[in-house]
Amino acid sequence: MKQSYAMDNPIVFFLLESNYFPMFSIFFNLLLLLVMFGSCVYKKRLGWENSDAFTNERFKDMSLTYNKLVVICCETLSALNSVLLLLSCFNLHKNGWDRSELMILLDLLFTALSWGAISFYIRSQFTYSHDQKFPILLRVWWVLYFMFSCYRLLVDIALYKKQELVSVHLLLSDVLAVSVGLFLCYSCLQKQGQGERINLLLEEPLLNGAESSAATSVQLDKAEDDEVVTPFSNAGFLSHVSFSWMSPLIVLGNEKIIDSEDVPQVDNSDRAEKLFWIFRSKLEWDDGERRITTYKLIKALFFSVWRDILLSTLFAFVYTVSCYVAPYLMDTFVQYLNGQRQYSNQGVVLVTTFFVAKLVECQARRNWYFRLQKAGIGMRSVLVSMIYEKGLTLPCYSKQGHTSGEIINLMTVDAERISAFSWYMHDPWILVLQISLALLILYRSLGLGSIAAFAATFLVMLGNIPLAKLEEKFQGNLMESKDNRMKKTSEALLNMRILKLQGWEMKFLHKILDLRGIEAGWLKKFVYNSAAISSVLWAAPSFVSATAFGACMLLKIPLESGKIIAALATFRILQTPIYKLPDTISMIVQTKVSLDRIATFLCLDDLQQDGMERLPSGSSKMDVEVSNGAFSWDDSSPIPTLKDIRFKIPHGMNIAICGTVGSGKSSLLSSILGEVPKISGNLKVCGRKAYIAQSPWIQSGKVEENILFGKPMQREWYQRVLEACSLNKDLEVFPFRDQTVIGERGINLSGGQKQRIQIARALYQDADIYLFDDPFSAVDAHTGSHLFKEVLLGLLRNKTVIYVTHQLEFLPEADLILVMKDGRITQAGKYNEILESGTDFMELVGAHTDALAAVDSYEKGSASAQSTTSKESKVSNDEEKQEEDLPSPKGQLVQEEEREKGKVGFTVYQKYMKLAYGGALVPIILVVQILFQVLNIGSNYWMAWVTPVSKDVKPLVSGSTLILVYVFLATASSFCILVRAMLSAMTGFKIATELFNQMHFRIFRASMSFFDATPIGRILNRASTDQSAVDLRLPSQFSNLAIAAVNILGIIGVMGQVAWQVLIVFIPVIAACTWYRQYYISAARELARLSGISRSPLVQHFSETLSGITTIRSFDQEPRFRTDIMRLNDCYSRLRFHAISAMEWLCFRLDLLSTVAFALSLVILVSVPEGVINPSFAGLAVTYALNLNSLQATLIWTLCDLENKMISVERMLQYIDIPSEPSLVIESTRPEKSWPCRGEITICNLQVRYGPHLPMVLRGLTCTFRGGLKTGIVGRTGCGKSTLIQTLFRIVEPAAGEIRIDGINILTIGLHDLRSRLSIIPQEPTMFEGTVRSNLDPLEEYADDQIWEALDKCQLGDEIRKKELKLDSPVSENGQNWSVGQRQLVCLGRVLLKRSKVLILDEATASVDTATDTLIQETLRQHFSGCTVITIAHRISSVIDSDMVLLLDQGLIEEHDSPARLLEDKSSSFSKLVAEYTASSDSRFKRSSMKTN
């Protein structure tokens, strides 16, 4: 009967008839021989007869094992078939001949000839190189040969069982052919060559021509000079689908620790710049409005990466369809096992169909995920580029509403989240497709019961709508609170030095912790809501199946085990997208929030483009022309910042701007730069501009890079600039001269050095117009005079120069002076003209004259007032010489980011787990998950056991009992899921909170040397990206790991219970999977680490750009900075791309192994004699096995991804382990509350360096500052003045020596006790975002009356009273809505409130005019008369009335005495310094000043 059925079915007969195999084999072998013969003839005609020697020589030099093994395999197969041919001839000669056996002999003959010809062809014609693959036709032949050999082996096994095989040698030949074919397939998928350099050519056809070879040679030569691009861009089809192009990098990762240089660049089509311009071209604007909506953002993102999205759509569709092949055939499979066979060899056909479907599913899923992640990388790249581009065009007044921390958050968190959404992009429509396919299969199995299944599914999805809305609300609030925290964190880190000097760091830490508390509140709601959604959807399959089976019972639809198992298989496949639904909903919500936030940011107004008319150099006689100009930082303010501005500046003029603090001087320069919005009037600027900001902006990088600022090196001009800016002497002190790396914001430079470097930067640009904003305030008098003479009057004598200054001695040389007051130009003219024409300038000159008179009086006065020189001030020449001879280690201050190597240690996991209740919940979570799996399997076993196999078998239990037991088991398993989800959420939340608190506490307790050596971007990276991973990603990854591991164990248990032989299959497969994981993880781990590290430069560059945007725009350097961000973007993208490619390389191989294991398990099941196993249980086992490859790949993928994500924990733990400063409070040595009462400071042999690898800055200071006296510290820029002050506050710990205040060694008391008892006005005035009140009294210790009193004393009272909100008037980030001088006065107000016994002024009045300086000095004399005041100043008038003067030179005390005594000695350095200062005020200034008197 079976034979007749086969004859009636021609397809089955055709497949099973062995005589057709030799015929097909002969045909294809003949075809191959003809093609190869044609190839040889064609090449011979082209003159390739003499190529044998060349190719053979190349072959001898081959170092690639694959190539040699391929030739050996071909030769072996040829020899084997020849031997088999002889043996078969001998056997047939002995036993007799027939037609079918003759066909086998011909097949062996032509097979031997084909393999011999291939071997000869490869040796003689195919040129091996490190870039080529085997010809495409040859590789296709090998793949077909492998498939043909596999099927032939199956048929010969069947014939052997029937004892119809001609010879057992043929069976052995088939086994060898399959093995060799598998190796050849693997070889043809490999890139040929070590190093895996980019293949610039399309794959060569089998017929190579001379022209193509010549082109190959030329292109390969060119490739040597090109950038190494990812092999993906030129990989062949089979290499693409198998990810074999990643193999060389994986191999390299096992041979060495991969560095960034080992990873190739992304393809040109995936570069940030190309994607960015595509994105920009697709981003449409509304008519008349540059408004970006979320829809337009999505549309532009789609068109940026449309190719990958469409390909992933195709693969997702193929995957979804292939998933449902097995459930569709499951009922047939169970019936087959029950003995109901429709045709002979039905089992082989079923197994083959299952196997092919799983192969297609495996291939489609891997390419689907890969393409989606590739698209995600591209989307992140364009979003980062777009946010950066917006930052380049954002005006200062817009940025005040969006701090740097918020903008960086958009880049680090929101852009990354949108990138991560690529995983879930297709899930919504796939879910619809899967439900549709599932309903078709269910209708086939359950009839009308499928409608109930659909209704239950719809009900589950409907029930998630309110939870999804809650999730969207929680997510939006979570991101908003994260922004607020990051804003405060960024501000605190940027100003950490002032926080530590004032003893405020713990107060700011508590503010950040409070903000984190708000964020944690929303995070807690978010994770628990997600846990609830997860519980509902994990319980959904059981609910849907119970509903469907219950409906069948009510509708009297008979339930057979085959149909039940088919339905369960469908539910299990449908379970995956339903399980993913909570994550999908969550990601959709999070992505929408992020898209809305980015769209809102991109909708901010750009810098006003029509406010200034830009003219090319030399096109106008006037370089700057303003007529009836009105400008305002806030265009909504009724009172403009600047009004009635009129002036014309011809080329080559020297313009000075002066005025009191807050009069609008800096705003006027900003208006010329186009930074202040124009309200009315006209502004024309002709030529290129260069700008020197009042607060120096220095990039992290080498000194040379800061000066060149993107221009090519012109050595002669470069040296002239260094000389004019007095930088040569500083460079000699730097460990690597101009190659020394400057820390972020120039943190390892003095204020004067930063100022001179940015002046050098401006000079080197050779611009037409130079704008200097108070450039001489941060340098000493001698250096200031030198800069004015060499720069403004020297190199720039033929340039247009506009400079703001408070040093009026630089005014007489100006061609035009503009005097400003209250935002108006009140006077304009030459020095002598305006001196006689108004009172505003007279007030400034009068104050300066008084200061000069005070200096003169000290020069001419006697030394009777204070002439005693302390013995402590004497430092012997021998000691100085001895200190100078001490070797000082030299090295860069800024260190490379820490990078762990090797696998993530077990201690990292241990520490992570113990952060939540000592790890007590982890075993409970595992037990609950195991219990869920047991109950879930039990419920399915129950259905398979009690339902009959066919209609003629009586059910074991009644329908109601069947459903009730199933519902009970399903409910119990659902409850376990709820418990597991809640416990996981609780654990993850606790760990995230503990990690955050510990890391931030250690960061804020770290010494300043940590912040000096660590760019802020690195810290922010951990506080944002790594913290987000710990908050949300890691808990779900650990849950997924537990779920996958327990599920796999359950599947193995189910299959092993049905047929124990299956366990034999799993042992080698699991071993192979484990080996692959170990082989993969070495490269993947380093790629993940490099990817994490590469984010920090991106964040750092972004942060630096935002802080220096005015300087960047003034130099027209936006294109260069845009190029830099694109380069950094590509650096991150290439590392991330190869990291996800490595993951897919692994997953493809694991899926392949799982598919083979699945197929072998099916072979075992169909091979077991009928009646040995229960068909229902066997079908159930297959149902579970359908998810085996998915679960196994998920397990390994989760393990690998978990290790990659644990790098975030590893990076945070690095900061938890950083050394802390000494204790804030030492109870045993706490000083009295009245300490210090006298304020006497004694310094003994003080030696200071900024790090063990850096040279000494202070080299053995010994002196005493008498209590109640005022001491001025002077010296050339970089001599160690500010370092001495930092040591006094223990910002820098002494390397040797000691400091005593009122007899107490400051090294023995707590830092808080020390710093809170001292007061300082720092060199760089700092204000924090908040209000006037919070800036003056951040600790909330004083009443409003006291604050107003302090404001009046520091000359800000009237200014604050004019503001509507008074003390609650807003202060923007870094006090950007206040002038630098006003910020300095606020710092003065702080110390007036604090009233400490010891006050340090570190260039406190550098940014104010002379009149304000005089008022400040009078205020200090009046309110700190009994205090010890130490003043560092470049203005001699600020220290000339001091009781003592300390002069430092190169870290040593040169002089220490009273000013009068030092001035008596005309040879003293101080006397010379005073003489230089007074001489810098021109005699014209003095004469003109006297006229006014």
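The backbone N, Cα and C atoms fix where each Cβ goes, glycine too.
Per Swiss-Prot, the features are:
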type	residues	note
BINDING	G1275, R1276, T1277, G1278, C1279, G1280, K1281, S1282	ATP 2 binding site
DOMAIN	309-590	domain 'ABC transmembrane type-1 1'
DOMAIN	624-847	domain 'ABC transporter 1'
DOMAIN	922-1204	domain 'ABC transmembrane type-1 2'
TRANSMEM	21-41	transmembrane segment
TRANSMEM	102-122	transmembrane segment
TRANSMEM	140-160	transmembrane segment
TRANSMEM	165-185	transmembrane segment
TRANSMEM	309-329	transmembrane segment
TRANSMEM	343-360	transmembrane segment
TRANSMEM	448-468	transmembrane segment
TRANSMEM	535-555	transmembrane segment
TRANSMEM	959-979	transmembrane segment
TRANSMEM	1038-1055	transmembrane segment
TRANSMEM	1059-1081	transmembrane segment
TRANSMEM	1153-1173	transmembrane segment
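For the transmembrane segment (1153-1173), the most Cβ-contacting stretch among 140-160, 959-979, 1059-1081 is 1059-1081 (pairs under 8 Å). Within its own chain, the transmembrane segment (959-979) is flanked in space by residues 531, 534-535, 538-539, 542-543, 545-546, 549-550, 553, 559, 928-929, 931-932, 935-936, 938-939, 942-943, 946-947, which lie at least six positions past its ends and keep a Cβ under 8 Å from the stretch.
Listed as Cβ neighbours of the transmembrane segment (1038-1055) (distance under 8 Å, sequence separation of 6 or more from its ends, same chain) are residues 925-926, 929-930, 932-934, 936-937, 980-981, 984, 988, 1062-1063, 1066, 1161, 1180-1181, 1184-1185, 1187-1188, 1191-1192, 1194-1195, 1198-1199, 1202. In this structure, R1276 (ATP 2 binding site) belongs to neither helix nor strand by DSSP; it is coil.
Counting Cβ atoms from all protein chains shown, R1276 (ATP 2 binding site) has 23 others lying within 10 Å of its own Cβ.
Looking at the domain 'ABC transporter 1' (624-847) alone, the prediction's average pLDDT is 83. Using a Cβ-Cβ cut-off under 8 Å and counting only residues 6 or more beyond its ends in the same chain, the transmembrane segment (1059-1081) has close neighbours at 250, 254, 903, 1052, 1142, 1145-1146, 1149-1150, 1153-1154, 1156-1157, 1160-1161, 1164-1165, 1168, 1173, 1178, 1181, 1192, 1196, 1199-1200, 1203.
Neighbour count (other Cβ atoms within 10 Å of the Cβ, all protein chains): 27 for K1281 (ATP 2 binding site). For S1282 (ATP 2 binding site), the Cβ neighbour count at a 10 Å cut-off comes to 22, with all displayed protein chains included.
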